[in-house]
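Now, the feature entries from TrEMBL:
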type: SIGNAL; residues: 1-15; note: signal peptide
type: DOMAIN; residues: 147-389; note: domain 'DNA/RNA non-specific endonuclease/pyrophosphatase/phosphodiesterase'
type: ACT_SITE; residues: His235; note: active site, proton acceptor
type: BINDING; residues: Asn265; note: Mg(2+) binding site
Amino acid sequence: MKLLILAIVFRLGTAAVVPGNNTVADVNAVDCEIVPFGTLPTPLLVSGTQFVYPLGTESTIKLAAGETIDFACPGGRLVTEGTQTTLQVATGTCVTGTRFIVNNARYLFHQLTCTVDPVSTIRYTGNSCELNGREIEIGFSITSSRFVRTMQVCFDQSTQSTIYSYFDMIPAINNQIRSTPRPSWLDGTGIYTISNVNSYYVRGTQRRNINSLLGLSATDTKYIQNNNYFLSRGHLTARSDYFYAALQNSTFYFVNALPQWQTFNGFNWDQAETDVQNYAEANNVNLRIWTGGYGIATLPHETTGNAVPLYLYVSGSTKAIPVPLLFWKVIYNPVTQRGVALIGVNNPYASLAEIDQFCDDVSDRLTWLNWRKDDQSRGYSWACTVTAFRRIVKSIPELTIRGLLF
């Protein structure tokens, strides 16, 4: 799949509207200024089929008098000053300060809420993607014909596993809302042929299934221990990669997760996610980011010593939800066409001698990267040029690369 970079500009005051190509608009007149989080449950702030964000690294949204923005409550109804309306979406016109005209009446921004937290939608698009995968999109149905996407996923139905997730990161990411309630994980209707995916992440279940593969008793704690040596629901696109609470909540679909050892999840990979967010802010850039898994992790059979591939789902000879050997993240600036691939080993029991570092490590050239790459307990990690990475990992789209993302 060859990506075509288009230059499209949306004008909405001095707010940023982020389309698929990550461009933003800038108009000087400012008459309204809002802290975009409002009163929970906050409506989605949208323009057309895009979310509205602060411009650049700012923390507020600024609009010119007369400019409009849509307040949307997918799955619920808009509430104006405590009164529930019949509307799922309504257009607000900037008056001044935080005041908008909505449905022929004037309201302050904090007086606009939803009856429920905006409800996300997950669905197949009908398109194919890399490695014979099927494309899934996650987002919000504003109306029956208006969908605002947050994430794109390439899913392998044969293994019930995600090949990669894709999203756009904004430079204002570090001004995101924080400490909102954490939702439950969801399968999504019609996505999996396996029911109740969450049950296979339960520590007792994963211990029993993996031990059955390795010739261990069902309760043996040799690998799946009672500390942080267990397989977590490893976000691909992180919750913290999104600005708004509703978008953060939309990351909790199992297609946006792969089995990830918690020792790695909570340390080097978490640090990499933070470093990428800090890079976007420090350089005031929009980034395109793909995250996925590669290969299947193995552990030795207790009797034969042979390497055994690990799966969360084991039913007789049927296996699914493989544990990735590696996690990878490709970060790409579509303006400069510079990028980098970050790679982490998803096996705290693997030694350096067992790891095939299939491309030259360039992480020492990335001053913005702060992981402890040689710490086994945190997950051995390295970075490669996108070109070198793609020679081995074919699952990412083709990109025009003009250099490393310094």
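Counting starts with 1 at the first residue shown.
The backbone N, Cα and C atoms fix where each Cβ goes, and this holds for glycine too.
Any TrEMBL annotation is an automated prediction that lacks curation.
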Stretch-averaged pLDDT - the domain 'DNA/RNA non-specific endonuclease/pyrophosphatase/phosphodiesterase' (147-389):
98
Local backbone state of Asn265 (Mg(2+) binding site), from DSSP in three classes:
helix
Measure from the CA atom of Asn265 (Mg(2+) binding site) to the CA atom of His235 (active site, proton acceptor) and give the result in Å, rounded to a whole number.
9
Helix, strand or coil by DSSP: which one applies to His235 (active site, proton acceptor)?
strand
